[in-house]
Amino acid sequence: MMVDNQTPDSSTLSTASTPVYAEPQLTEELLERFDSFAQKVARHDGVSAFSEQTRIELSKALRESTLTPPRFFVAEDNGTLAAVFVALTPANDEDTGVIEAAVAPEYRGQGVGSAFFDHAVRQLGDDATRYRLWVHGSATDTGIESPAHAFATLHGFEPVRVLYKMVLPLDAQTREELVERSDARTLPENLRMRTFTGADEFPWLRVNAAAFAHHPEQGKLTLADLRERTGSPWFRPEGFFIASEVEDDSAIAAFTWTKIPTGQEQSELSPSGEIYVVGVNPQAQGGGLGRTLTLRALAYLACAEDENGEPLRAIDLYVDADNTAAYSLYTSLGFGVATVDRMYAPAQQDEPAA
């Protein structure tokens, strides 16, 4: 997220002139520069400013023509990306778009982000009110608000959604307990546990859409979105669990997908794995399938290694703050809130008095 009212590190303070704003045509070279920029911001902030879906949409726009391509704005200073603003365009008249943005660490505290953000929003025109702004790492588990939260409110946005990142550190005892809990769970006799295959693409998309019919992002996944993910270096089919009918593999009752990102830097809680998504067919809800599949995924991650053979040191996941059932489940399993992401919408303007 755009951060501008933060005191910059004097060791990296830029003395450059005012950056030039542009909405350049997306190219492979520009996408590589964006990736480097996003990685630099993430290393500095400890949290990514851009979601996986944003990166996927940019990649798709580069490869294929689309009716609603993302808007991509940059503030550039002599070949250096000082700030980036990405707006994922609404797919239809009822849809909302998503904004994610960031300022390079060395350009913060100089007014670069504020001026650039205002410029990019103006370029969206009358449609700007249809966009929602993501602030990743808006607050910590201690409740301390980030400069990005202050930035969002300063620019006329108010929180409309709260997403918790929850983390479970792994030690020998926790690993053993997760495996034991998973082994103690059984599926109904008409279901079997298996892992994802290519033949599951369309059945999975149908169940995912039904399970997340009211979810602003997950329920909209397309075949192209799915294939972007299953074609990613991090994808492991053995970590994508499906409960389907014994007599019909296409009848999916529930699923849990895990993710072990590649290229993780070593730290106290890294490498880590993620409970990527858990879904239950609405026709199969209420029978504890979500808990059973979640425990199976946790047991898998507890015993998994990264691409370098390093055991995972933590498991993380994301849950909406208003999903009290899921939050209670994860808390009971030992997860704690690490950071808070917030989605913001333009603040409602009061009608002028008659």
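First residue shown is number 1, and so on along the chain.
Each Cβ is built from the backbone N, Cα and C atoms, and glycine gets one as well.
The feature acetyl-CoA 1 binding site is assigned by Swiss-Prot to Ala101, Ala102, Val103, with sequence analysis given as support. All protein chains considered, the CB of Val103 (acetyl-CoA 1 binding site) has 32 other CB atoms within 10 Å.
Annotation comment: Swiss-Prot describes Val278, Gly279, Val280, Gln285, Gly286, Gly287, Gly288, Leu289, Gly290, Arg291 as acetyl-CoA 2 binding site. Taken residue by residue with DSSP, Gly288 (acetyl-CoA 2 binding site) is part of neither helix nor strand, so it is coil. There are 14 other CB atoms within 10 A of the CB of Gly288 (acetyl-CoA 2 binding site), with all protein chains counted.
Look at Swiss-Prot and you will find 1-18 tagged as compositional bias 'Polar residues'.
Under the heading domain 'N-acetyltransferase 1', Swiss-Prot lists 21-176, citing sequence analysis as support.
The annotation domain 'N-acetyltransferase 2' is assigned in Swiss-Prot to 191-354.
Residues annotated as region 'Disordered' in Swiss-Prot: 1-21.
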Closest of Ala101, Ala102, Val103 to Val280 (acetyl-CoA 2 binding site), Cα positions, binding-site residues only: Ala101
Rounded to the nearest Å, what's the C-alpha distance separating Ala101 (acetyl-CoA 1 binding site) and Val278 (acetyl-CoA 2 binding site)? Just drop the number here, would you? 28
Compute the C-alpha separation of Val278 (acetyl-CoA 2 binding site) from Val103 (acetyl-CoA 1 binding site), stating it in Å without decimals. 33
Integer Cα-Cα distance in angstrom, Ala102 (acetyl-CoA 1 binding site) to Gly290 (acetyl-CoA 2 binding site): 36
Other than its own, how many Cβ atoms are within 10 Å of the Cβ belonging to Gly290 (acetyl-CoA 2 binding site)? 22
